[in-house]
Structures are given as structure tokens and as C-alpha cells.
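Each remark here refers to the structure printed beneath this line.
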């Protein structure tokens, strides 16, 4: 198709920028939700952003990339648990939100499978942690979380403590050689309330919702913690099965077999033989939603005929034969007491609504995000208003609108502050942004958040130094910049309550290790330069020998680099021109914290430069390290098998991906050969 044809249009600069903004927003909230189990926004806000990105990518196919969140499942996994690849990818589900969208899904099925009558296995969409149980000859041998879909966290010992998970399958004499059971770990509403009461008695942090409690309970290094939590596993499908001839004709038969093997399955599961039955099922479960034992946020429909499922296959992210129909967000009314302003790391002033506490779908809500001044004005939200609050099973809800009929005649519009509430300096709107910013880098709020970011996983990832310790160090005046962290002594730390000699020594040791192992790209990333994340930091580290070279780069020099436009270039230059930042960089130099460009960061062409690779099976080295080595050698690491791959690096027990690679005549390398070829320079 010609790009000049009427069916193909090129995106404008504004549309390209919007795609970048949406990807950054979605990736950030994926990390909070999947990795930290600590979501900040409602499902409906997330779904709205995801659907907008999906629409833009479908309208302008040139914008679609393999690393877009629309092409991936979940997020990276935490590093503290061992990781292991799935034999078969654990996919996510695409969503529909209305009857029209459901009908659209049916039309796509009909176009792909004409003249095939459709029946659907329907069950509730459970809101928990996705899990894979691996049985060999009927015996439970391992358990993995979904992770990023390709690689999961090994949680076998924790999972063995969940009472309703069979350690040995019923009728195990006839069990397959290998059977992977997939399902969801959940906590009932009643058990969740009891758990939070216990947390409260112990003066521990309360869990935000049952999903967070379930996820956090499974992802424990100490299985006794998991054992103390009221977890249940509900099985909804299978992964790999060997021998592969042992398969079922329909999904409802499979669900019956899961029960026979001893698994609990999602309640209210039903075979629906028509679209009308599916719609009735949706309406019925929506009405029963809050009377069910477990929290649900929609229903899942899968084609019942498994042969039809296999014909339809998968996209990079989700099956084509299944869909989740999400319930609308729960709405309630409460009083908006007042609006507070918070100041973040980049100086953004964020309004937060303080609400009269109200129960929404089993959770007590007392705060809601208002995002920015424009949202407050557009919705005409005022302190003292009765407001409609919307929550879709998450932590922070959103205010939909005020109830104008209840508004007092004395009500006044909220006036957004034009000075920073922390340092009392003037705030600005830069380049027509919606956000107001404090640009005073000496602002205590910015300084605090900058140092917290510096040591965080997104920064240097210094173990054992958390937000609370940074707050103590900053408020007491012990440190003022990230560089000051490396001047700390054990004696400094021992002046603080609850800081014993052992913990103080461990903290200093962690700082010393960070100083010794710091790479240039990691330091650039940790500086918290606006618009500079890990990928951009890598590009900068591969293009400039040290911070001096980067700080003296012109706008033209910066804009010549891939993925760096005028806005990012201006932000980088502004950072290095700031007096406080110049002083901090000089501090790093004086303390000999001065990483330089590594050999791996140069543009020397190696064996794998520009090649597309995929890792499968269990490797001797951690998967994350192998991925890093490949990327530093110039390779592109893929997650799915396709004819575009150049090499598959296979470890032990590679599963079906190896077979598919051989069918496509893709070159196969073992781990030692891969490591050997990394050293070849062309």
C-alpha cells in the first residue's frame, strides 16, 4: 500500500508526542501495579490511556513498536526472587467496555472463522495474582508468577503453603508427564477485612485491596509469611502439557478436568451458547458483584472450541479467542473537604482532594487525585462540594464531577496557588504545559524527592536506603544533595533513633559498593534530568565520554542523537547550566565519583550488532544479565518467535519455542557459544 493512499496517513508531531507521553505514563503505572503492587491510579484511568494509545497505533501503524506497552504483558519482575522462563508465554487479555465493543469482537471472530457457531466459556475476571503451577508426573515441582509474560518469579516454597493447592494431583496415576496449571491467587473479601484488622493491631501498614494483599503475600522470600495469609488459588486454564496429544476438545471439558485433578475454579463459571447468553451472564454478575465472595472487575469469555482457539492464535500481547468485558467503575457520593497541593521531584504541583471517608466496593476512600489545575477548572470542582467519586478496584480514585444541586451559594472556585506551598517561591507553567512547576532546585520538597529518586530502583538502586532514612537525613540537614550521601559516615548514622551499628555499617557498605560499581548511564539516569529515563541515559552514555562532555554538548550535538528531540535536548542543557547542579557535579568529581564511557557503550561493531535474539529455556546466568549483555553488544532482544529472528539462545528445557525456531530455520546457539561470540569484534 502506498503511503500516499487515502487509507494510510502519517502522524503529526503532536500525535507522535502524545504517543510518547502515553507510553511513558503507562509504563510507569505498569511498574507500580505489576512490580511494586502499589498502584496510584484507577483502572478506568489506566484503561482510558491504554485505549487511546491503542487507537493511535492502529490509526498510524508506523508508530507501533515492539517495546510499546500495547505489545507487552505486565512489567519487569523484582530482582530479589529467582527468575525462570515460562515454557509457554503467559498472555494478558484485551478488554471491551461496552456492548458495542463486545459486538465488534464477535464480528472479528466471524470474519476469521466464517460459518463456525460460537459458544463461550464465561467466568468472573478475578482480581488477584496470576500464577503458573508446574506438575511433573502429578507432583507439584515449581510455581512461577506471570512476571513479564516470558519470565516469571520462582515462588515455589511460598505457594506450597497455600492450602487449596494440591501438592499431588488427584488421580495422579493417570496424570500427564508434564502439566502446567494457570490461575489466580486471591483473598476473599471477609478474609481481607480480618487480615487488615490484624495488620492494624500489629501497627503495620494496611493493604490497599485484596489484590495487593494476595500479590505481596505470594512474593515473599519467607514462606512462613505466605502461610500466615488466607490465600486461595483458582485455576482457569493450562500452559504446556506433555505428551501434547493429551488435550481437550472444549474449554468446558478442561474446566471439569481441573476440578477432577483437585483444583478450585472461579465461581459462577458457565457455558454460554450465544451472544445473548453472554450478555445476560454479564448483567447478572454485575448485579451480584459485591455479594460474591471474591472481588471481581468483569467477566472473561473464551471460545469454547479449542481447535478454533488454536486457529485464531495470539497477538504479541493477548489471545485473539478471548476477551475481558470490564465492569464500569463504581461511583458513590461524598463531601470534598479540601484540596491540598503536593510538590514532586520535578517540581510539579499536584492537587489532591481530601474526602469525607466513604466505603466504595469494600475499600474506605478518603483521598482522590485531581491531576492539575485544568481538571479542577474543567470539572468546576470546589472545596465543600458533594462530589461523585469513581473507583474501579484500586487505591486512588478519581472525582467524576460535583453535584451542583447541592452546592452552597457561598461556594467559591478553588484558586490554584502561584507560589510553591513548600519554599514559597513563584511557580511557572513552562512551554504551555498543563502542570505548574516550582523551579527552585533548593526547594526542600524537590531536594528531598530528588535524593529519594537518586537511590531508588529507577536511579542507582542502592539497597537498604529507603525513603524514611532519606527524609531523616534531609530534614536534619545532614545532606542537601545526592552527592552528600557519599560523605556519610557510620558515626553520622548512629545519631538517629533505631539506627544500630549493624544497620549503619550495612548502609555505608551499600553506598561504598554503589560508588565502586556505578556506570555512566546509571549515574545519568539517577540525576533525575527531566525527560531522561534509562533508555535515553544509555544513548547519552554511549555518545559522551563523561559528564563533562555531556554538560558541554550543544543543542545541535544532542539533537543529532537518536530519540532525542528539541524538548529533551533543552531539558538536558538546562540541567547542566543550573548552578546548584554544577556544584553537585563538581562534588562528584572531587569525591572521584566519575564514571566514564565503557567499552561496551561504544559503537564498535560486534557479532550481534543489529541482530534480533530470543532467549528460551533455563540459562546458567540470570536472564536479566544475558539480556543486558546482548543489548550492550548491539543486539535487539525479542520476546516472541517470528521469522524476523536471527538467533535463538537455548538453555535447558527450552519448550515449544525451540521447536518453532527449528521449523522456521532460525539459527540456534547454546549459552557458551553465545558468550563466546559476544567477544568477536568485526
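Each residue's number is its place along the chain shown, starting with 1.
Quick reminder: no glycine exception, Cβ is built from N, Cα and C everywhere.
Proximity of residue 47 (NAD(+) binding site) to non-local residues of its own chain (separation of 6 or more, Cβ distance below 8 Å) is seen for 95, 97, 326, given in sequence order. Taken from Swiss-Prot, the feature NAD(+) binding site covers 43, 44, 45, 46, 47, 92, 93, 123, 146, 184, 302, 326, and the record attributes it to sequence analysis.
What Swiss-Prot lists as active site, N6-AMP-lysine intermediate is 125, and the listing cites sequence analysis. Cβ neighbours within 10 Å of residue 125 (active site, N6-AMP-lysine intermediate), excluding its own Cβ and spanning all shown chains: 21. In the three-state DSSP assignment, the secondary structure recorded for residue 125 (active site, N6-AMP-lysine intermediate) is strand.
The feature Zn(2+) binding site is assigned by Swiss-Prot to 420, 423, 438, 443. The Cβ of residue 420 (Zn(2+) binding site) has 343, 347, 349, 426, 427, 438, 440, 443, 445 as same-chain neighbours under 8 Å, each 6 or more residues away in sequence.
Annotation comment: Swiss-Prot describes 603-682 as domain 'BRCT', evidence class sequence analysis.
Summarised as a single figure, the pLDDT of the domain 'BRCT' (603-682) averages 81. Helix, strand and coil counts under DSSP for the domain 'BRCT' (603-682) come to 26 helix, 19 strand, 35 coil. Closest to residue 125 (active site, N6-AMP-lysine intermediate) in space, going by CA atoms and restricting to the binding-site residues 146, 302, 423, is 302. Rounded to a whole number, the C-alpha distance linking residue 302 (NAD(+) binding site) with residue 423 (Zn(2+) binding site) is 55 angstrom. Residue with the densest Cβ environment among the binding-site residues 93, 438: 438, by other Cβ atoms within 10 Å. Note on residue 45 (NAD(+) binding site): other Cβ atoms within 10 Å of its Cβ, all shown chains, come to 22.
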